[in-house]
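Report on the following structure.
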Amino acid sequence: MAAVGRVGSFGSSPPGLSSTYTGGPLGNEIASGNGGAAAGDDEDGQNLWSCILSEVSTRSRSKLPAGKNVLLLGEDGAGKTSLIRKIQGIEEYKKGRGLEYLYLNVHDEDRDDQTRCNVWILDGDLYHKGLLKFSLDAVSLKDTLVMLVVDMSKPWTALDSLQKWASVVREHVDKLKIPPEEMKQMEQKLIRDFQEYVEPGEDFPASPQRRNTASQEDKDDSVVLPLGADTLTHNLGIPVLVVCTKCDAISVLEKEHDYRDEHFDFIQSHIRKFCLQYGAALIYTSVKENKNIDLVYKYIVQKLYGFPYKIPAVVVEKDAVFIPAGWDNDKKIGILHENFQTLKAEDNFEDIITKPPVRKFVHEKEIMAEDDQVFLMKLQSLLAKQPPTAAGRPVDASPRVPGGSPRTPNRSVSSNVASVSPIPAGSKKIDPNMKAGATSEGVLANFFNSLLSKKTGSPGGPGVSGGSPAGGAGGGSSGLPPSTKKSGQKPVLDVHAELDRITRKPVTVSPTTPTSPTEGEAS
């Protein structure tokens, strides 16, 4: 009978268990038949079952829910898979195709409970948007967080990418045909969460935080501020998180594309305006520098599982911005506009943040150093093909002797032409390797120098005829040729006469004996 009573007690609700057990017929029978000892044992058993039922009920309410989802959308190469793999702590991975599935382990340290959060990554090609039906349906919509990923290394694509993928989500949600009442509740919940955001301050409790398991009805009806004119104008009914990846490229944009602080403030202001329209949060991350990766995970579990976080908004660091949903407004965005110098807040995003011109990089051909022996063999073959050349200048082998050089020595001249003394043997000889033109000039120069430097008509000199009329006419007192009587004028006349003689009578030389004229004159 006692066993039957305990089974019945297990099936009843915990609040009514003690009254049913003690006041019912079974309780009266036990109290009257078995005495006080049996009644005391059954009372202890009742208290045990009450504790067990109470603990089970508490655990069922505080247990981490299953079936939560995160949907990532963005362009190809934006870093969607890299971001989730970094959160998981996996360094090496392979990128999926179409619709990729991953998961995040969620652990509640306070309750020692854990679960898995489903992660769906849609391909950057719009061709695959039909696969959203497997990750986002009417049942899982209210348990889903949408993450829009933007590549900050290409900021000129940021705004178009956000608008494109947000419209894809809106189009898919409209196709789900959610009942209007349910959709209205989801939208109101998102508005309520946005309005009730409280920024963590210094007075934030430092004790270990527990998940917020209170229902909406348990919350007090506190007065909230109305939404701004541009806030939640595109309410999807589900939380949205905008993640800007590759923020380490900001320094590259400054160096290579001349971006300044006002450009980054301009980009941030437009992204924050977009986030206001969808009630989204904004986080700047960098997988390369491991910046704000943990913050993304904390924000996900806070939105889906109610985990608290104590991280305030960050807007000072341009590469580590964090703006939770509900913190931002138009006035705070206007603070960025105060730093504009050459830009204006009303400028179009596409006119200011433009795609830089594509630079054609000319890749120089890499020069590979070949083996020394191979190089020497090639060099030897090239040298073998070339004809041998003389070490000096080519020798002029023609039998032509430079014109104007006298060949016949000791010739008699007329009385009015002075005799020419031969060039001494010690004079400079002409190099036979010199060209013909250079040789002729050298011979003439030596010839004229000898005429000007030597005294012509010396006593007993060759080439003077004793019986010439000029000798008789000159008188016998001096015994000198007439050319020596006027030393200042006569040699000049002799030079002209000699030149006339040279031009009238060319000299020929045997080809076998290319002897220089100076040597012939000296012989």
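Every residue gets a Cβ built from N, Cα and C, even glycine.
Annotation source Swiss-Prot lists region 'Disordered' at 1-25 (among others).
If you look up Swiss-Prot, you'll see 9-19 (among others) marked as compositional bias 'Low complexity'.
Under the DSSP three-state reduction, T81 (ATP binding site) is assigned to helix. Residues annotated as ATP binding site in Swiss-Prot, with sequence analysis given as evidence: G74, E75, D76, G77, A78, G79, K80, T81.
The phosphoserine annotation in Swiss-Prot covers S207 (among others).
Sequence annotations record features per position, and here Swiss-Prot assigns phosphothreonine to T213 (among others).
Residues annotated as region 'Disordered' in Swiss-Prot: 387-434 (among others).
Annotation comment: Swiss-Prot describes S405 (among others) as phosphoserine.
Sequence annotations record features per position, and here Swiss-Prot assigns phosphothreonine to T408 (among others).
Summarising the annotation, Swiss-Prot assigns phosphoserine to S412 (among others) and lists a large-scale study or a structure entry as the type of evidence.
Annotation source Swiss-Prot lists compositional bias 'Low complexity' at 412-421 (among others).
Per Swiss-Prot, the feature phosphoserine maps to S419 (among others).
The phosphoserine feature in Swiss-Prot is assigned to S421 (among others); the stated evidence is a large-scale study or a structure entry.
Feature annotation from Swiss-Prot assigns phosphoserine to S427 (among others).
Summarising the annotation, Swiss-Prot assigns region 'Disordered' to 456-523 (among others).
Sequence annotations record features per position, and here Swiss-Prot assigns compositional bias 'Gly residues' to 458-478.
Per Swiss-Prot, compositional bias 'Basic and acidic residues' is recorded for 493-503.
Considering other CB atoms within 10 Å as the measure, the emptiest surroundings among the binding-site residues G77, G79 are those of G77. Candidate binding-site residues: E75, D76. Fewest other C-beta atoms within 10 angstroms, D76. Highlighted in sequence order, S82, G124, V149, D151, T245 have their Cβ within 8 Å of the centre of the Cβ atoms of G74, E75, D76, G77, A78, G79, K80, T81, the residues recorded for ATP, and are not part of that set.
Within the same chain, residues at least six positions away from K80 (ATP binding site) with a Cβ under 8 Å of its Cβ are L72, L73, G74, I121, V149.
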